[in-house]
Amino acid sequence: MADEGTTTMAALKQTLLSLSVSLSYYCIGLVRGYSAPAVPSMHETAPGLLPSKNIASWVSSIPPFGAFFGSLVAFPLMHRIGRKYTVLIASPLWAIAWVLIATATDWRVLFVARMLSGFGAGLSLPAAQVYVSECSDPKIRGVIGSLPALAMSFGILVMYIMGKFFDWRLLAWICCGMACCLFLAVACFPQSPVWLKTRKQYEKAHVSAKWLHLQGFSVDPKAASGSVAPNPTGQRNEKCPAEAIPPKPFSKEALLRREIMIPLGIGLVLLLIQQVSGIDAVVFFTVEIFRAAGSSMDGHVATIIVGTVQVLSNIAALFVVDRAGRKPLLIMSGLIMCLAMASMGAAFHLNSIGNTSFGYLPIVSLIVFMIGFSIGFGSIPFLLMGELFPTAQRSLLSSLAGSFNLAMMFTVIKTYHPLEDLITASGTFLMYSVLCALGVVFVITCVPETKGRELESIQKLFERKPRQQHEMLESGKGASHDNPVFTATDEIVRHQQNPSEKRSYDTKL
């Protein structure tokens with residue numbers, strides 16, 4: 001009974017922390033969704049505020065550009081002051097940005113304020129996900145780690161709905177209030193015990209892990225310090241040469257190691273696929289896309305429907321991410337998005353040749369696309385950022401990955417209209433479809449499964465194989481995985497977790 005009570009309390013505290021920190025992603029959703037209802041409202045109530053279409057376009061799309069720089073700044077902040085305080089810093093920045101927007105009388109103020117709101121998004125994007133991943137147990141990390149993505153999609157939907165009832169100034173004041181709520185919600189929770197351990201604050205790390213009831217988390221100052229026991233004989237110990245001392249975590253030697261470069265490469269490619277699927281072209285230009293495709297449904301209503309489907313799909317994903325695993329969901333997600341984008345391209349082609357009998361094909365295509373995106377590529381790449389990246393370099397790698405993701409988001413948004421003019425709207429969506437298909441191939445061949453694993457055992461997947469284990473793999477005795485990312489080290493970890501498998505493994509040898 002005591003163990004059940006401890007497990008329940010652990011799940012409750014870790015979920016509360018995740019929900020509170022996910023408010024930062026909710027605020028990011030408000031930033032992303034603001035331009036869709038606000039720009040038309042500005043044209044109606046303050047016609048001179050956005051004097052040209054080009055200025056309106058830049059005010060709408062500049063947040064990802066600001067977020068790019070925010071993610072770069074996030075690295076030193078995450079490393080020095082921790083994940084929690086990096087998230088908290090975004091709160092006053094957002095509050096200032098929304099006040100500037102609400103009181104703006106010139107487009108230059110709007111431009112600066114939108115960029116500042118993007119900068120805050122860049123700070124919290126990597127910090128919040130890493131904070132949540134480091135403060136959750138492996139058994140529930142998939143569910144808890146998916147809450148930020150759900151909060152972001154919910155923020156976008158709420159903004160779409162509020163935009164039908166409130167003008168752009170009142171929307172900004174409401175968002176300012178939410179930024180203040182974020183600060184109050186996160187301030188009462190402890191720092192990440194993993195970060196405290198890397199900063200050698202072992203007592204605080206122990207208190208934090210105890211409060212969160214983290215299973216399997218231990219603080220061993222001697223092991224963490226990497227110190228080598230003295231040799232009483234005074235002779236050189238051949239088993240532990242000086243070269244065996246690990247390099248500094250942010251040195252060139254450390255960052256170019258296999259166990260750093262492979263997870264970083266996997267993370268960057270997954271985030272690239274997430275963006276080149278066309279998701280932000282859909283989010284930013286939903287109303288325009290429906291009108292251009294010749295859909296018979298009102299564009300604003302269609303926007304709310306698509307946003308609602310995204311939220312419901314993210315909720316459904318919470319219940320399967322720890323059962324189905326990360327890799328199967330990514331594969332399914334990519335396939336669904338590939339088919340949906342191809343269908344959307346077909347709708348634009350039919351409209352271009354004068355065939356308008358396709359009715360609800362655009363809305364159905366985008367609903368299917370949002371379902372596919374939400375169950376996999378919408379949340380799992382961010383979840384894997386907190387799982388694949390090594391603890392010592394996690395702040396740097398998450399910051400780089402977040403900056404890359406936001407740079408690609410800005411690129412996709414700004415290239416949508418030029419691509420539409422160059423290869424037509426039909427060709428643009430068919431291009432997104434092909435890129436989604438290539439993403440599926442990448443997931444099948446290169447992405448490991450991390451479901452239910454401890455963070456330390458995940459990092460061992462990418463370590464170089466010892467010679468003996470390599471020979472066993474070559475002979476076919478030491479591996480039962482067809483994924484080249486899995487190594488013999490992974491087999492050892494798996495057999496430790498499943499003794500019955502280990503007995504059969506020893507029989508084979």
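Glycine too: its Cβ is placed from the backbone N, Cα and C atoms.
Marked as domain 'Major facilitator superfamily (MFS) profile' by TrEMBL: 13-451. For 16-35, 55-78, 85-105, 111-131, 143-162, 168-189, 260-287, 299-321, 328-348, 360-384, 396-417, 429-447, the entry in TrEMBL reads transmembrane segment. The annotation region 'Disordered' is assigned in TrEMBL to 466-509. TrEMBL lists 500-509 with the feature compositional bias 'Basic and acidic residues'.
The list of residues near the transmembrane segment (168-189) in space but at least 6 beyond its ends in sequence, with Cβ under 8 angstroms from a Cβ of it, reads 16-17, 20-21, 23-24, 26-27, 30-31, 34, 37-39, 41-42, 45, 84, 87-88, 90-92, 94-95, 98-99, 101-103, 159, 162. Through the fold, the transmembrane segment (55-78) approaches residues 31-32, 35, 39, 42-43, 85-86, 89-90, 107, 110-111, 114-127, 130, 195, 280, 284, 395-396, 398-400, 402-403, 405-407, 409-410, 413-414 of its own chain, all at least 6 residues removed from its boundaries and within a Cβ separation under 8 Å. Stretch with the most C-beta contacts under 8 angstroms to the transmembrane segment (299-321), considering only 16-35, 111-131, 260-287, 328-348: 260-287.
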